[in-house]
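Per Swiss-Prot, the features are:
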type	residues	note
ACT_SITE	404	active site
BINDING	403, 407, 413	Zn(2+) binding site
DISULFID	326-387	disulfide bond
DISULFID	362-369	disulfide bond
DISULFID	381-463	disulfide bond
DISULFID	420-447	disulfide bond
DISULFID	490-512	disulfide bond
DISULFID	501-519	disulfide bond
DISULFID	507-542	disulfide bond
DISULFID	532-547	disulfide bond
DISULFID	570-607	disulfide bond
DISULFID	911-954	disulfide bond
DISULFID	915-959	disulfide bond
DISULFID	926-943	disulfide bond
DOMAIN	250-468	domain 'Peptidase M12B'
DOMAIN	495-557	domain 'Disintegrin'
DOMAIN	558-613	domain 'TSP type-1 1'
DOMAIN	840-900	domain 'TSP type-1 2'
DOMAIN	902-960	domain 'TSP type-1 3'
DOMAIN	962-1007	domain 'TSP type-1 4'
DOMAIN	1018-1073	domain 'TSP type-1 5'
DOMAIN	1079-1117	domain 'PLAC'
CARBOHYD	99	N-linked glycosylation site
CARBOHYD	172	N-linked glycosylation site
CARBOHYD	222	N-linked glycosylation site
CARBOHYD	234	N-linked glycosylation site
CARBOHYD	724	N-linked glycosylation site
CARBOHYD	956	N-linked glycosylation site
REGION	717-843	region 'Spacer'
SIGNAL	1-21	signal peptide
């Protein structure tokens, strides 16, 4: 009853909000009068308005103050409508005292339904009527639910423990309802839900659909996913990324578009209700805990196309239709809203767009076929790729839409590039490449969970982080199978004449009559809530593919985090590694639609932070060297770390030693690898994570100017100077001595010159630019630290090191021309009593602007706030400054101009053949990034470099032998049960060679004999032979023949009917010779006459003929 109430609350507002189109909500009846004739029973009642105690107030039940408001007006004032109402009515021998409260949170102010003609939007409504109420029956609060609207009288449902009652105003057929008199009350019709006859209420299915029985075809009888066109994720995004491995709630604000074919098929009266019912199922699928993330599908905008749009081409060709739709939806994307506010134009922003069409779409051609969905892989949050096209096949379309949105989230098919759905692993689920009766489309596989988690953790779903101020659509909790029964679900798929034709496993597969009157299935389960029956359950309904007792629904249990696992093995043995710990959402595990856990699911900590022994190989260098024995483009190289600019710090970029190129050998270094040599920050999961100077991951500990972790800068003195002595050219001159233990060393020319900075030890051993030899600018490991020698072409040269130095050093200059001046500064250690806190003050300061996070298309610069000493402006730990006075960090946009065009290269799609040579393709696009999360597609001519290949051969290896079956023989015997036989050979893939049977897998060998029957065999029958010779050579005699009872096989049988047995003997007559026998002849019986004894017996001897033939017998008689 709770479910029914929530659904009817939703349906009621939907009906009333669409009253500008049709005042009558029964979708196939031309009048209320006609509808009432189809009710088994109903009653009339006159409701009255009363107070809380039931005392009469008025006959007026209509809300005179309600009005439809546009978003451009002031927000609705709840005081304009009565927030609390009480009504009384009587029917079916019962009295109903209604206690109602105004429902102001039914839908968000974002949600609109728009109807578009050829010139764009024609009409829209936004559900802002102030006349929707929910409540209960007075004194029965816990057992009753009421959802009513009084926009034009009482319209809605009253749900009690034993029955649901529908109530609506009785229409006045003689007067305009606006002028109807309420002085004596307005009659209303009330009827029970049980009075509704089970018949098809929707007569608008005039667009026929083709029959299809697509068992075993790709997803929902074929799904296609285009490759990802997204740019690699890098540091050009302006959004702050969420910490990895953290479960947070996401909100997918969705635009749903129905084409004119949908309007023609479902009719304007039902299109909104139907689409939102489908999206309700989609939302529920994404709320399933098996997804491993909390994702809310929110319908922010519904567009119903009543005519073709000028810039939108929708037809059977799925690829072209998707491309057109993605561009079109981007063109109408509201940029005035960020998802948290209501835009001035009243149009809601959307993150994802869904097109639903009645076209029988097909990928790669403009003809009908089995394709049901098409989407861009990993396109979510990219304005031109966060979209999908879906063929409407009834409520089962929800599974298609959820599947295609899954592709937008970066999911691949189960079993394609992963183990899910393969032998020995968990069964394929909602992302199955092929749907069968064994597929469970109500939940997600572990592979799908990993794909979406990786997508969201990588920062590509940041557009989903903003939570709308209110849920854009309050989905009904009622099961869709209760709204649309099995027959109606069949009609959605196969047309108005279809109905359910198999009733066994309806929760697993819905079988329907097609137009050709065949019982077919798409292997799509019936919607949840569809009535079912089993041997153990007399009346049940479907729940997640199973038949459960009617009315039962698992209790919703939200998930809770389990305990953290033990810390895992450290990623490094020294030098600072990372260890991780996991926890699972299983205490309890979410069930019955309960929410998945929010919060951190994986945590990290530093480990083995002690320095590696002297002489140890650099950790990044070792990772590059691991590729020395792996061929690269057919050759072997020795690889060294590439430390130049323009690459991701946590990708393993290696330089081919002795060659002028580098490449990315791995997308991520091993966890614990330093992001760069001069930072303690380390890489985790391919991202740079901050490490404090205490070597603790995420620590705020900071080095002071003396490189003391957490210090206040009091253990060293700052040395600064300017060397501008005029010196003779052509030799080395000393600039400054740097004592042992010095830190933050900087030596820099004040202007460009032909002179060179050099560095040597106290013992005159040159480390940089010695012996009149000029070194290439690079990093030099000297005195226990790294000196960076830089000589740009357009700037003065410099020498820098963090220190501390392990020996005394001397900075020299090799003079080739006049000394223009050299500045130097460094900090030297001192011995001081106390911390220095009383000698110097500290203050917050903004650091200089950071480098722009992107070179083009919009980046961000930040000014970090640090704590500094007042005496020398050096940075110290934050705890030395007053936390209450800390100013906010500054941020500004930078480099907003579009990026140069570049090629986007998508992932290779599956090979067209698994062996014997196939082809594989990938998407190659010329794109230009024009914003932090937005790019545009250009013509190929826009990119100046060579166009990458889009197609290449694959799987050229020979296929293994395979079984080939020849044609079946005829059925033997010709009737009754028998067998057909055929020859099965082990052949090569091209069928040119025959191999021994042992070379083909025995388990996959096709059968060589099957049972058959050509119909019932005929019954046994009497079979007669030819008649024998007549027994008399002259006159009458006898003929004999064989008579046998034989089966259809020719075998003797005793099953023939004696009553129809043919005679085996008959009388015959032979022609007699007329020449008389002479008296001299011997008197004897003619040999051929066998009946002479009968002649004597019947006294025929007196006759001349018989006496002559039987002379001997007749002698003496």
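Including glycine, each Cβ sits where the backbone N, Cα and C put it.
Positions of the features from Swiss-Prot, shown on the structure.
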residue	record	contacts (Cβ under 8 Å, 6+ apart)
326	disulfide bond	353, 376, 384, 385, 387
362	disulfide bond	316, 317, 318, 368, 369, 370, 371
507	disulfide bond	525, 526, 530, 532, 542, 543, 545, 546, 547
724	N-linked glycosylation site	819, 820, 821, 822
943	disulfide bond	901, 902, 903, 926
954	disulfide bond	908, 911, 912, 913, 917, 918, 919, 920
956	N-linked glycosylation site	916, 917
From the recorded positions 404, 407, 413, pick the residue whose C-alpha lies nearest to the C-alpha of residue 512 (disulfide bond).
404
Indicate the candidate from 381, 447, 463, 501, 959 with the smallest number of other Cβ atoms within 10 Å of its Cβ, considering only these disulfide-bonded residues.
959
Cβ-Cβ under 8 Å with the domain 'PLAC' (1079-1117): same-chain residues at least 6 beyond its ends:
1031-1038, 1072
DSSP-derived class (H/G/I helix, E/B strand, else coil) of residue 724 (N-linked glycosylation site):
coil
Looking at the stretches 250-468, 840-900, 1018-1073, which one shares the most CB pairs under 8 Å with the domain 'TSP type-1 1' (558-613)?
250-468
In the structure shown, with every protein chain counted, which of the disulfide-bonded residues 369, 547, 607, 926 has the densest set of Cβ atoms within 10 angstroms of its Cβ?
547
Once the chains shown are all counted, how many other Cβ atoms turn up within 10 Å of the Cβ of residue 532 (disulfide bond)?
24
Of 420, 447, 490, 570, 607, which is closest to residue 959 (disulfide bond) if I measure between C-alpha atoms? They're all disulfide-bonded residues.
420
Spatially closest candidate among 407, 570, 915, the listed recorded positions, to residue 519 (disulfide bond) (Cα to Cα):
407
Considering only the recorded positions 403, 404, 407, 413, which residue has the minimal Cα-Cα separation from residue 447 (disulfide bond)?
413
Reported in the order helix, strand, coil, what are the DSSP residue counts of the domain 'TSP type-1 1' (558-613)?
0 helix, 15 strand, 41 coil
Which stretch from 495-557, 840-900, 902-960, 962-1007 shares the most C-beta pairs under 8 Å with the domain 'TSP type-1 5' (1018-1073)?
962-1007
Summarise the domain 'PLAC' (1079-1117) by DSSP state, stating how many residues are helix, strand and coil.
16 helix, 2 strand, 21 coil
